[in-house]
């Protein structure tokens, strides 16, 4: 995938050098001299990075830690070199070769055999991606510990689900958490409370990679124990190598576990499904991606495509600008990736050991705040990969088009309001939509005043009834009293500097409330 930024100025010099695995000659619209120059620049950038990583490794004194650190830096270096090669070659995806998935590449969930076949549960482990912090919702610590329902966090609900599975079917499905260096120590103290429970919890950390200084293409950290702001977790595509390097992969295989069901910690719809599990075993598929129908709210989500006969994941970041609208179209690309993935662990071991993984790289530009006032922030690049992009490395890999109930993420306080509402009840840790609800869940849009969980709770201390709600928009300083009911389309907009108080027990149906509304307490 092509990144738009040019190589830094100190690497731009004309010389003959050997390239690092770059094809010479066959380049679209680039002269021989241009190619030679880029090959040289890439070689220089790669060797400078390699030297800098060796120097970083030399700052680790403990031999065992050093070995682990070097493995991590080797993985990072191969990612960095692929990034340079892609940039020099202009490896943009060729839009003309992209087609919607073939019928055999996406199986409809409703066609799966509907049996409670439990014989395969002894081969299963469940993994939650637990590397994210709750910062976007104004919380400190792992996002998975935000309270979502009845005093329970994402983590509590997941533990309840697995416990119920183990108790009901007399099995022992292990629960695995992939933490990041941001969430590891907090998670370790939180999971102590589950020690008496009927569940085996295993944890491992995803990699800790050095952020890259945009100007020099050198690592931001100067030593292995440089501040945390110099490092980053490289996206969930890192799960394969981290699972392998941590030793958890072999531990699971030794226990007879062959299939791993992976999902985001904040997706409350991602529960173990026996039909998909059975389908995976029977079709001898090494990798299954759960997809669901796109709606207007999902146009940015990654989608499954057919690329020269192979199922692949296409993310919006990979799409050339002129085709973004086509990518977002619901007609051409009907599904999007829920990031619920089923994978065969023996196949994972094979692709890691054979070094077969080359997932598309997503360069993510960020900045590190300056140390001192008056100094400019430091521009950096993070190279990330997505777990869904690995679909092309596994045999008989395909998508299953699942019902929307399997995708219930909580990314914002708008999502939080939905899952806390009377639309759902909790059954064995699983959120179940009220059967009297007609149609899909309502669309909720809350303004900036509701961005953080604390401010959301102060404005809406009691979640309104919304079983008959279709659409809700609230912006500005709006406070909802207790026992409010919302029906149809409700829009409440407080003018800047004004406040709207919705009285307790109000029923709002197909209304627009604007301006200001203050109720005086008598």
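Keep in mind that glycine also has a Cβ here, set from the backbone N, Cα and C atoms.
Please treat TrEMBL annotations as automatic predictions, because they have not gone through curation.
So that you can see what the record holds, here are the features copied from TrEMBL:
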REGION    1-34  region 'Disordered'
BINDING   143, 206, 235, 266, 411  UTP binding site
BINDING   236  substrate binding site
| said: Taking only the residues the record lists as binding UTP, namely 143, 206, 235, 266, 411, what is the largest Cα to Cα distance between any two of them, in Å to the nearest whole number? | reply: 21
| said: With Cβ-Cβ distance below 8 Å and at least 6 positions apart along the chain, what are the contacts of residue 236 (substrate binding site)? List them in sequence order. | reply: 129, 131, 178, 206, 264, 339, 385, 386, 387
| query | What number of additional C-beta atoms lies within 10 angstroms of the C-beta atom of residue 206 (UTP binding site)? | reply | 27
| remark: Cβ neighbour count (10 Å, all chains) around residue 266 (UTP binding site) is 23
| Residue among binding-site residues 143, 235, 411 with least C-beta crowding, 10 angstrom cut-off | 411
